[in-house]
Structure formats: C-alpha cells, structure tokens
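To start, the structure itself, in structure tokens.
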C-alpha cells in the first residue's frame, strides 16, 4: 500500500509528467536523424546515387516532423479549454422565495436555466466547488489544470497535456500526421531492405523498428478517436459505459413545453446513454473538427480560438462555444419517458 501511494505521488509530480514528453521528443529527433542521415544520405544518396529520392524524402520527413511539433506546441499553448463561470440557475419560482427584509437580502445573480441541463436526482444542477461554477454537460474538473474542462476527453501522458474541446482537434491532427510520417519511414526502408543487406548501419534497422512500434501505438489510437467522433463520444464517456465499476446514473432536467413543468429523467448504467449522437456521421465529425473540411487537415490557432460569448444574464450567451446540444432523437426519447411517467420528480417553473 505504501509503495502504491509513493508511486502515485511520483507519477503525479509535474516533473514526472514532463519526462515522457521529453523522452518522446528525443526519440523523434533520433528517428529523424537516423532516417535522413543514415538511410537517405548514406544509403540512397551515396550508395544508390538516388539523389532525387534522397532529397525528396528528407524534405517530406522534416516538413512533417516540424508540422507535428507545431501542432504539439499549439496543443500545449491553447490547452483543453476552460468552461466559463456559470452562476446558479433560478429553478425555484419567485413566489416561493422568501426574504427576511430588503436590507438583508442577498443580491440575486442567478440566471434562467436552459431547456436541458445535467442535474442530481432532485433537479439541482451540478456545482463545482473548486471553480465556484455550475458544471455543464460533458464538462469535468481536471486536477491537472485546476479548472473545469468542456468536453473533457483524457489526459495524454505522451504529449503532457489534458485534451478537451479546444485542443482535441489538434490531437487528432497530431496522430494523423504522426501515422503518416512513420508510414513513410517504414515503407521507404522496407523497399530497400534487400539492397541494403550487409551494408546498412544498425541505426537504419533501429529507426525501422521504432517506426513500427510508433505505428502500432499511434495507428489504433487515431482510428479509435475517429470512431469516437463518428458517434459523438469522448474517451471518458466510453470508459464510463464499458467499465461497470465506473458506471453511474445520469440525471437530466428537461423542460416540457406541453405542460410548462421541468422533469428530472434518470438513466441507469446499461441504459441507452447515447445523448450526443446526432445520427449522422458527418454531422458528428463537424462537431469535433469544424464545418470547414480544409481546416480538418491544416492546423491553425485561428480555427481553434474559443469564444465564451458575451457577458450576459442569458445562459447561451455565457456558455458560448462550450454549449453541448443533445440530439433531437434523445430529446424526444426523454419526452416519451415523461409521457410514460418514467421520471424522478417534477419541478414547477
């Protein structure tokens, strides 16, 4: 037990979290040097006299490597995004609020709630005591960064940062270009294996093995997150669904325009919790990658700038880009549960 607690303290230390990204950069530098000098220059340029192929491969690999580092830097600089401070919702009717006197009354900074919001079994929205703010849908408080992250995905030890709504697209681009460059390394060396027999430096075979390992790790990672985006899921949501030990009940409070009441709907572990899937793969992808197809492949700080909206007493102005929209199909499913009287409680508006 003491050993596990000591290990936890070490792995959570900021310097330890920098160690793996630092080692990753060193391996990348070694791989680029071994490929460009030991393979391209010594094997292709000097031994095979393939000057065009040598220069072309060096330019492509160096360009992709610098692009990967640029994306990495953007992920660190931008961060995962921070949910704006959301004041308490006004869920109790004014007629039920009692004040002792006008002199002792506390100024009311509460705002009208949205039509749907995550809550507890009594209909109260989730409060983050660290950020002194309500936590909206898909938002989780991260101890790594010290604030609530909208559309929290996971903490990546390899790049050393938390992934959320703001830098998730960059992470997908990072894994895509990393897969691309290691594929180029593998294919280029594999096609020359027979000709290099007995003449190649050990560094060439080392970088080939390194590229194979990188592809085995980054390839499935990229495809997994493409799958998640196609169905509008995050890593933490998939873990909660698949891991029964971490599964928990979900509660949403929804306004029913038919009778003017708010209803608290419960979703148990194992029950359908596909809240955000819009039913169309392209629509789901656009929610993560944006509407501009070209920006899916071109990383830019401009396309990742987050807007919190204007300061206002209106929830949608406050939440800005962090607002998560539940699918129409699931909204209808919740209304159907209300009609079947499958709700926890009802609130007067």
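Placement of Cβ uses the backbone N, Cα and C atoms for every residue, glycine included.
Annotation source Swiss-Prot lists transmembrane segment at 19-39 (among others).
The annotation transmembrane segment is assigned in Swiss-Prot to 57-77 (among others). Beyond the ends of the transmembrane segment (57-77), by six or more residues, the same chain brings 25, 28, 32, 35-36, 40-41, 44, 159-161, 163, 167, 170-171, 173-174, 177-178, 180-181, 184-185, 188, 299, 301, 304 to within a C-beta distance below 8 angstroms of the stretch.
Per Swiss-Prot, the feature domain 'DHHC' maps to 126-176.
Feature annotation from Swiss-Prot assigns active site, S-palmitoyl cysteine intermediate to 156. For residue 156 (active site, S-palmitoyl cysteine intermediate), the number of other Cβ atoms no farther than 10 Å from its own Cβ, over all displayed protein chains, is 19.
The transmembrane segment annotation in Swiss-Prot covers 170-190 (among others) and is backed by sequence analysis. Only residues 6 or more beyond the boundaries of the transmembrane segment (170-190), in the same chain, are considered here, and those with a CB under 8 A from a CB of the stretch are 31, 35, 39, 57, 60-61, 64-65, 67-68, 71-72, 74-75, 78, 153, 156, 159, 163, 204, 207-208, 211-212, 214-215, 218-219, 221-222, 225-226, 229, 288-289, 296-297, 299, 304.
Feature annotation from Swiss-Prot assigns transmembrane segment to 204-224 (among others).
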